[in-house]
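A.B. asks: One structure is given below, represented as structure tokens, and several questions about it will come after.
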Amino acid sequence: MRLHHLLLVLFFVVLSAGSGFTHGVTDSLSCRWKKGICVLTRCPGTMRQIGTCFGPPVKCCRLK
């Protein structure tokens with residue numbers, strides 16, 4: 001069972017290193033991890049854009 005926990009931790013380390021923390025948000029999963037939501041048009045007035053979800057038309061927004 002400990003081996004499963006070790007493999008799970010290694011898996012997350014590899015994913016986090018490969019995702020590139022310096023790059024912007026580019027999918028809905030990383031948008032949620034950064035406490036944002038995907039919005040089809042513009043971000044509402046109380047939110048700011050932190051990236052995109054599924055491409056340019058869908059924005060990732062988070063509270064200011």
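Note: Cβ is positioned from N, Cα and C throughout, glycine not excepted.
What Swiss-Prot records for this protein is below:
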- CYS31-CYS60: disulfide bond (DISULFID)
- CYS38-CYS53: disulfide bond (DISULFID)
- CYS43-CYS61: disulfide bond (DISULFID)
- 1-22: signal peptide (SIGNAL)
A.B. asks: Please state whether DSSP places CYS31 (disulfide bond) in a helix, a strand or coil.
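C.D. replies: CYS31 (disulfide bond) sits in a helix per DSSP.
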A.B. asks: Quick check: of the disulfide-bonded residues listed here (CYS31, CYS53, CYS60), which one has the Cα closest to that of CYS43 (disulfide bond)?
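C.D. replies: Out of the listed candidates, the nearest Cα belongs to CYS60.
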A.B. asks: Could you measure between CYS60 (disulfide bond) and CYS38 (disulfide bond) for me? Cα positions, answer in whole angstrom.
C.D. replies: 5
A.B. asks: Looking only at CYS38, CYS61, which of these disulfide-bonded residues has the biggest number of Cβ atoms within 10 Å around its Cβ?
C.D. replies: CYS61
A.B. asks: Among the disulfide-bonded residues listed here, CYS43, CYS53, whose Cβ has the fewest other Cβ atoms inside 10 Å?
C.D. replies: CYS43
A.B. asks: What is the separation, in Å, between the Cα atoms of CYS61 (disulfide bond) and CYS53 (disulfide bond)?
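C.D. replies: On Cα coordinates alone, these residues lie 10 Å apart.
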A.B. asks: Counting every protein chain present, what is the number of Cβ atoms, excluding its own, within 10 Å of the Cβ of CYS60 (disulfide bond)?
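C.D. replies: The answer is 25.
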